[in-house]
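Student: Before I ask anything, here is the structure I am working with.
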Amino acid sequence: MNIDKFTAHAKSAITNCQHIAAKNDHQQILPLHLLASLFNEDTGIIRTLINNSGGNLNILADQVQVELNKIPKVQVDGGGTIYSSAELLKVLQRADDLAKNNGDSFVTIERILEALSFDNTIAGKILTNNGISSKKLAASILQLRKGKKADTESAENSYDALKKYGRDVTELAESGKLDPIIGRDEEIRRTVQVLSRRMKNNPVLIGEPGVGKTAIIEGLAQRIFSKDVPETLINCRIIELDMGALIAGAKYRGEFEERLKAVLGEIKESSGEIILFIDELHLLVGTGKTDGAMDASNLLKPMLARGELHCIGATTLDEYRKYIEKDAAFARRFQPVYVSEPTVEDTISILRGIKEKYELHHAVRISDSAIVAAATLSNRYITDRFLPDKAIDLIDEACSRMKIELSSKPEELDELDRRIIQIKIELAALKKESDEHSKKKIEHLTAELEKLESNSYDMSSKWQAEKSKIQGQQKLKEELDRARIDLERAERDANLAKASELKYGIIPEIMKKIQETENADSKGLLKEIVSESDIASIISRITGIPIDTMLSSERERLLVMEQKLRESVIGQDEAIKSVSDAVRRSRAGIQDINRPLGSFLFLGPTGVGKTELTKALAGFLFDDRNAILRIDMSEYMEKHAISRLIGAPPGYVGYDQGGVLTEAVRRRPYQVILFDEVEKAHPDIFNIMLQILDEGRLTDSQGITVDFKNTIIVLTSNLGAEILVNQKEGEDTYKVKDQVMEYVKMVFKPEFLNRLDEIILFHRLNQSNIHDIVKIQLEGLKKILSAQNIILEFDEPALNYLAEKGYDPSFGARPLKRLIQREIQNNLAKMILAGEVSSGKIVKITAKKEELKIQIID
C-alpha cells in the first residue's frame, strides 16, 4: 500500500481520523475513527452514497458517536503516541485493492467507505445494520462516477461536476421560478439559429449592462420547457456555469483545469443535450493562468471549434472589445448576437409582463400608471444606466418601500398612541397633587383619555382587519401562482383531466375570490397600490431632482418666486423675472427636455447683484445659498487648464480623477452652475460649453456622458460695464443693449451666444436701491448679534446716512459693505471686547449731524 496513491480527500480523511482519536483520548486509531472522519468530509460525496444506498447519514453519525464514547479513554501526561490499529491498516489495504480491481490509479474516499462495509469491526457492523451493504455501495459508486476512473489526486472533484459547478436554468423554468420574458423574439430566434449550426454553434450575447442578456437565456429555457423550439433543441438543458464555485478552493496547480475538464467531459458525453451558459464570458480569458498553465479559454477552444460544446456567452460591449477580441482564435469560435437597449414602449410591455411576480413577492398592487412612469422617468432622469434594468429597479424599490409601510403602524394611529402615553404620564404625576385645580385637570384628562383610547381601539381594529385582508389576498395570489405552474405542467404531460380541472375550475375560482377582496372598500388606513407619485418619489431620492408631485405650498411658492428673490436682490427685476420663468417652466414639466433648465449670461457693472442673484436662486431651490457649483473662470486663462473641467486626457497626471465640472454634475445632477467672470477664461473654453447649452450633455475624458439637462447655467461678465455705469438714472437698459452687445460679440462667438436662453443686462444701482441694500445688510448683522443675545436697532436717519455715504455708481453695493465694516462693525467689536456691550444689552444705531452714533441701552 502506497499512501501517495491516495487522493487529497482520502489523505485528509486519514489525517482527520487521527485528530478524532486524539480528541477522544483513544490510544489506537480504529476503523470507527475513519468512518467518523468520512462522515465529516465536506464534498457531499459520502452523504450522496449513503442516501443512494438507503441509509441516513445523521442516524449513522449518531451511532458512530455512541460507539466512540464506549471506547476506554487513556490519558497520558504530556501526550502519548497514537498507534494505527491492524484493523485500520487492513481497511486501507482493502481500499487499495478495490481501487486497483476497478481500474483506478488513486484510492478515493468512496473506496475507503466501500472497504469499511466489508469489515467485521464495529464500523462495518454499523453500516450493514443500517442496510448499507458492499453491493449497494458499489452500485452507488458506479452511478455517481458514470464510468469515470480515478486517475488524478483530486478525482472526487470531477464527480457530478455539472451539478456542483452549474445551475440548471431549464429546471428553474420547469418549477416556475423565472420571470416571464416579454419580447426579445428576434434575439432568441438568432440565438436558436446559431445553436442549430453544425460547427461553431456558440452565440455570444453582447450588450450594455442591464439590457436583458441573461433574460434572453431564461426566455430560451422557458421555450425549451414549453417545447417551443426546433426539434434539435427540444431535449436540451441549459446549465449556467458558476465560475466562482469552479475557482473557489482550487489550491493545487492543475486543480482548476481538472474541474473544468470534468464539466466539459460531462457536456461532451451528453451528446449535445447540454447547452453551457457562461455569464460574464470575458472572465474565462486569463482565468487559471499561472506559469506554464493554460487559461480556461484555451481549454474550451478545441471543443468550441469542433461543435462538441454548445456554449452561450454573455458579456458587455466594453469587455468583449477589451478581453475577447484580443484573442482572435477565441473570438472567432463565437457568433455575436447584439442585444440593444429596449425602447420605452418595449420596457412598458416588459414591466407589465413581470408585474404579477413583483406583486406576489411584495404583497402590494402596482398600478399601470406606475409602470408607465417607471419606464418614462427612468429613461429621462437616470442617464448612466440602461432600460429595462433601471425601470425594474424603480418598481422593485417602490414596492419594497410600500411593503415596509404596510407592516408598520399607520402614522395617524401612532400619533394617537403616543398622545395616550403622554396623558397617562401626566395623570400619574397629577394624582400625587391634592389641590382643586389638579382634580379638575385629572377629570378633564380622564375624559380625553377615554375618548382617545376608544378611537385608538377602533382604529387598531380597522388596521388589523385591513392587514388580515391584505394577507388573505397574498395567500390567494400564491395559490393562483402555484395553480398556473401546475396547469403548465399538466398540459406539458398531456394530463388533460387535471388541466381542465385547473383551467375551468380551480383557477377561475381563485381569481374570483381575489377580485372580490380587491373590490371591497379600499378607503382605509393602509395604502397598498404603488402609484406614479411613488415612482417619482424614488427617482427624486436617487437623483436629487424634484420631480415628485408638487405640494400645494410649493405651487404657491413658485408663483411668488420673484418676491422671494427680491428680498435679497435689489433693483434687478428683469433678471429676476427671466430666472423665475425658467424655474417655473421646468417644475411645470413643459421645459425642452434636451437642454438645460435655463442658460443665462448676466452682464453688468461690478457689485450690482449678478452673483448675489445666483446665490439667492440656489437658496430658493435648495434652502442653501451655497448649494451652487461655482467655477471662477479666471483660473482657466491658459489653454491647458481647460482640461480640468472634463478631466485630464489619457497619459496625464489626474486622468483617473475626473473633471471638476463633470464629476460635480454626475454626483448632483440638479444644481445651479455659476461660471463667474466668464470673459477672463481662454476662448477655447466656450467650445466645451456649446454641447452643454445645445444638447444638455458633455462627455468627459473617460468617455462617460454627463447629463446637464437638470442644471441652471449662469455666466457672469463685466463686458460693456462702462456703458451701463454711464447710463442715465432710470433709463431702460434696452436703449444701450446694442452698444453692450458690440463688446460681447468681440469676445464670444455667434454660435455660443445663439445657444443662450437669455442675455440679461444688470443696470447700475440708484440711491433708492442702495437704501434697501443697507437695510438687508443691517438685518444680517442683527441676526449675527442675536446669537450673542445682543439686540441691534437702527433708525431711518442711520439708513439714509449709510446709503448716501456708501453710494458709488461705478462700484455698486460693494463699497457699502466696507462702510458698514468700518463705521459699525469695527466699533462694535471694540465695545464687545471692552465689556461695554454684553449679553442682554440693546445697541441702537442712529445718525446725527452727518455722523453715525452707536448708543448702548441696558
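Glycine residues also receive a Cβ, built from the backbone N, Cα and C atoms like all the rest.
As annotated in Swiss-Prot:
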BINDING   GLY207, GLU208, PRO209, GLY210, VAL211, GLY212, LYS213, THR214  ATP 1 binding site
BINDING   GLY604, PRO605, THR606, GLY607, VAL608, GLY609, LYS610, THR611  ATP 2 binding site
COILED    392-523  coiled coil
DOMAIN    3-147  domain 'Clp R'
REGION    6-71  region 'Repeat 1'
REGION    84-147  region 'Repeat 2'
REGION    554-764  region 'NBD2'
REGION    765-858  region 'C-terminal'
Student: Within the domain 'Clp R' (3-147) only, compute the mean pLDDT.
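Tutor: Mean per-residue confidence for the domain 'Clp R' (3-147): 77 out of 100.
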Student: Return the residues near PRO209 (ATP 1 binding site) by Cβ distance under 8 Å, restricted to its own chain and a separation of at least 6 in sequence.
Tutor: THR316, ARG385, PHE386, ASP389
Student: Within a 10 Å radius around the Cβ, which one of these binding-site residues has the most neighbouring Cβ atoms: THR214, THR611?
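Tutor: Within the set of binding-site residues, the most crowded position is THR611.
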Student: In Å, rounded, how far does the Cα of GLY609 (ATP 2 binding site) sit from the Cα of GLU208 (ATP 1 binding site)?
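Tutor: That separation, Cα to Cα, works out to 47 Å.
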Student: Do you know the DSSP helix, strand and coil residue counts for the region 'Repeat 2' (84-147)?
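Tutor: With helix first, then strand, then coil, the region 'Repeat 2' (84-147) has 46 helix, 2 strand, 16 coil.
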Student: Please name which of the binding-site residues listed here, GLY604, PRO605, THR606, VAL608, THR611, is nearest in space to GLY212 (ATP 1 binding site), Cα against Cα.
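Tutor: Result: the closest of the binding-site residues to GLY212 (ATP 1 binding site) is THR611.
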Student: Quick one: give me the count of other CB atoms within 10 A of the CB of THR606 (ATP 2 binding site).
Tutor: 15
Student: Taking only the binding-site residues PRO605, GLY607, VAL608, THR611, which one has a CA atom nearest to the CA atom of GLY210 (ATP 1 binding site)?
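Tutor: Going through PRO605, GLY607, VAL608, THR611 one by one, the Cα closest to that of GLY210 (ATP 1 binding site) is THR611.
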Student: In the region 'C-terminal' (765-858), how many residues does DSSP call helix, how many strand, and how many coil?
Tutor: 51 helix, 18 strand, 25 coil
Student: Of the binding-site residues GLY207, GLU208, VAL211, LYS213, THR214, which sits closest to GLY604 (ATP 2 binding site) by Cα distance?
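Tutor: Sorting the binding-site residues by distance from GLY604 (ATP 2 binding site), the top entry is GLU208.
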Student: Pick from GLY604, GLY607: which of these binding-site residues has the biggest number of other Cβ atoms within 10 Å of its Cβ?
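Tutor: Counting Cβ neighbours within 10 Å, the top one is GLY604.
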Student: Given a 10 Å Cβ-Cβ cut-off, pick out the one of the binding-site residues LYS213, LYS610 that has the most other Cβ atoms nearby.
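Tutor: That would be LYS610, with the most Cβ atoms nearby.
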Student: Tell me which of the binding-site residues PRO605, THR606, GLY607, VAL608, LYS610 ends up closest to THR214 (ATP 1 binding site) in space, Cα to Cα.
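Tutor: Among PRO605, THR606, GLY607, VAL608, LYS610, LYS610.
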Student: On a count of neighbouring CB atoms within 10 A, which of the binding-site residues GLY207, GLY210, GLY212, PRO605, GLY609 is highest?
Tutor: GLY212
Student: Could you check what DSSP calls THR214 (ATP 1 binding site) once collapsed to helix, strand or coil?
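Tutor: Once the DSSP labels are grouped into three classes, THR214 (ATP 1 binding site) ends up as helix.
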Student: Rounded to a whole number, how many Å is the Cα of THR611 (ATP 2 binding site) away from the Cα of GLU208 (ATP 1 binding site)?
Tutor: 42
